[in-house]
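Novice: Below is the structure I would like to discuss, written out as structure tokens.
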Amino acid sequence: MNQENASCPKKHFFGPASSRITVKGTIYPIEVGMRRVALTRSYECKGERFDAMPLYDTSGPFGDAEREHDVRKGLEPVRDRWGFDRGTVESVGGELSMTGRKPRVAKAGEAVTQMHFARKGIVTPEMEYVAIRENQALEAWIEKCGGKPVTPEMVRSEVARGRAIIPANINHPEIEPMIIGRNFRVKINANIGNSALGSSIDEEVEKAVWSCRWGADTVMDLSTGKNIHQTREWILRNSPVPIGTVPLYQALEKVGGKAEELSWEVYRDTLVEQAEQGVDYFTIHSGILAATLPDAEARQTGIVSRGGSIMARWCRAHKQENFLFTRFDDICDILRSYDVAISLGDALRPGSIGDANDAAQFGELKTLGELTLRAWKRDVQVMIEGPGHVPLHMIRENMEMQLKHCHEAPFYTLGPLVTDVAAGYDHVNSAIGGTLIASLGCSMLCYVTPKEHLGLPNRDDVREGVIVHRVAAHAADIAKGSATAWLRDELMSKARYAFAWEDQFSLALDPLKTRQIHAQNIAATGDTSATAKYCTMCGPDFCSMKRSQETTAAGL
């Protein structure tokens, strides 16, 4: 492993005003990581003065320039220090390859899921952690704006109801817990993973770390090439965010890539293998049924889900029902033993706007709702995956149908992409649809990169995809009435009007790019960020804000 490729902390990565801070819990000995931005002046908002802004931070130790980190050793197992006695866990099997820790599993017949404890009325350390994290140390501000801060009890209630999930496998002690649900901050997921045509373990670990640093709340390893197990191990041991996978991909590799040779036994063993490593959620395509295949195969673009196409091939070859459906209860029994959440895959999502909202898509959605209830009976956490390609005016129906059929389980969508002609710019295309559906209640957006439909993304593509979808999620949070999201914009506006460039850089979603663009343009004028009372878009003589200030100062 090349340590230099691991995105190790660099001084002032987020800017000189940014630092990593922690907030202590009151129920458990937890320390919740956040980022604090010091401002160059004090700004007034609703009668309150702010000389700093605490920010939600997904970067973990990688965002702390004061700490050294060696990816060859992995992150510290912070959850192991919280002292929560699950009481029903035992160690099994051999040692994990990087850490020497033995995998843990619930004793026979027991459950260790967040939903299980929530339904018993127990607030776990993870629940307290996400409550503190969602508030961003701004409880007083939230109340001043007429809102209610998130409490551990509220988190417990939402998880017990199934309206939110905390993906946190008991074998992934390195993560900083987060929550996915419509009553919380909108989250984003970044997909990484090798293919048969390229990428290495080093590159995928770096992309995972890079995703966390720029704002991805979860990461999915969708590797389909060589060294799937080893790649996943390196990613898990170095990930402060939950990791998801599609176990079907590795199961397919085990049978030489031949879908017809897949079996429940191969798939079951793959689930256990990945659960023991620490994967936090699985995408499982249990909703594609033999009866729905004719509708899907008659579409303009057929079945565009990789997992969906694999299981369709298996069903056709064996003339049997999808074993991910028929063995669903067995799947849940495995997952409840490790607290792996299920992301019910949309195997029949539309791959073109002409196929949006058709019988195949919504037929599968109804099946996913039925499976949700079956998973909940076993205290397994569930979220529902959604489309896909959907024109803007048809997006609202997707959210309404999901709420109707899936019992308010969190919705997790790929976009939606609102047009089919944006190749090279599909990250923007996805963010347009994502902003709308998130404002309507979607809990998490899966990012799309500029390489979508074209090729395997590199590190720079990952950054671009994460930031663009972070913009979409933030815009949706504002539309939903988030007081913390609104405050960040309020402070940015005041900094902009005051020509406080350093504060603008610090408050931006991409401080590095913001600073670079301004520095490149202002250098030609002879001014600096410290002195310029204008930007090069308008220049010193045509700056509207500068003129407005001069007019006000003159009493005109």
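From the backbone N, Cα and C atoms, a Cβ is placed for every residue, glycine too.
So Swiss-Prot says this about it:
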{"type": "BINDING", "residues": "ASN191, MET220, TYR249, HIS285, SER305, ARG306, GLY307, ASP346, ALA347, LEU348, ARG349, GLU385, TYR412", "note": "substrate binding site"}
{"type": "BINDING", "residues": "HIS389, HIS453", "note": "Zn(2+) binding site"}
{"type": "BINDING", "residues": "CYS535, CYS538, CYS543", "note": "[4Fe-4S] cluster binding site"}
Novice: On a count of neighbouring CB atoms within 10 A, which of the binding-site residues CYS538, CYS543 is highest?
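Specialist: Selected residue: CYS543.
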Novice: Rounded to a whole number, how many Å is the Cα of ALA347 (substrate binding site) away from the Cα of HIS389 (Zn(2+) binding site)?
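Specialist: A Cα-Cα distance of 13 Å.
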Novice: Over the residue list ASN191, MET220, TYR249, HIS285, SER305, ARG306, GLY307, ASP346, ALA347, LEU348, ARG349, GLU385, TYR412, recorded for substrate, what is the maximum interresidue Cα distance in Å?
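Specialist: Those residues reach a largest Cα separation of 20 Å.
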Novice: Hey, which of the binding-site residues TYR249, TYR412 is the loneliest by Cβ count within 10 Å?
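Specialist: Among the binding-site residues TYR249, TYR412, the lowest count of other Cβ atoms within 10 Å belongs to TYR249.
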Novice: Report the nearest neighbour of TYR249 (substrate binding site) in space among the binding-site residues HIS389, HIS453, CYS543, comparing Cα positions.
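Specialist: Checking each of HIS389, HIS453, CYS543 against TYR249 (substrate binding site), the shortest Cα distance is to HIS453.
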Novice: Expressed to the nearest Å, what is the distance separating CYS538 ([4Fe-4S] cluster binding site) and ARG349 (substrate binding site) at their Cα atoms?
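Specialist: So the alpha carbons of CYS538 ([4Fe-4S] cluster binding site) and ARG349 (substrate binding site) sit roughly 46 Å from each other.
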Novice: Within 10 Å of ARG349 (substrate binding site) (Cα-Cα), which of the binding-site residues HIS389, HIS453, CYS535, CYS543?
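Specialist: Within 10 Å Cα-Cα: HIS389.
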Novice: Write down the Cα-Cα distance for CYS543 ([4Fe-4S] cluster binding site) and SER305 (substrate binding site), rounded and given in Å.
Specialist: 50
Novice: Reported as an integer number of Å, what is the Cα distance between CYS535 ([4Fe-4S] cluster binding site) and HIS389 (Zn(2+) binding site)?
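Specialist: Distance (Cα to Cα, whole Å): 38 Å.
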Novice: Write out the long-range same-chain contacts of ASN191 (substrate binding site), meaning residues 6 or more apart in sequence whose Cβ is under 8 Å from its Cβ.
Specialist: VAL219, MET220, LEU222, CYS446, TYR447
Novice: Would you mind listing, in sequence order, the residues at least six apart from HIS453 (Zn(2+) binding site) in the same chain with a Cβ closer than 8 Å to its Cβ?
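Specialist: Listed in sequence order, they are ALA423, ASP426.
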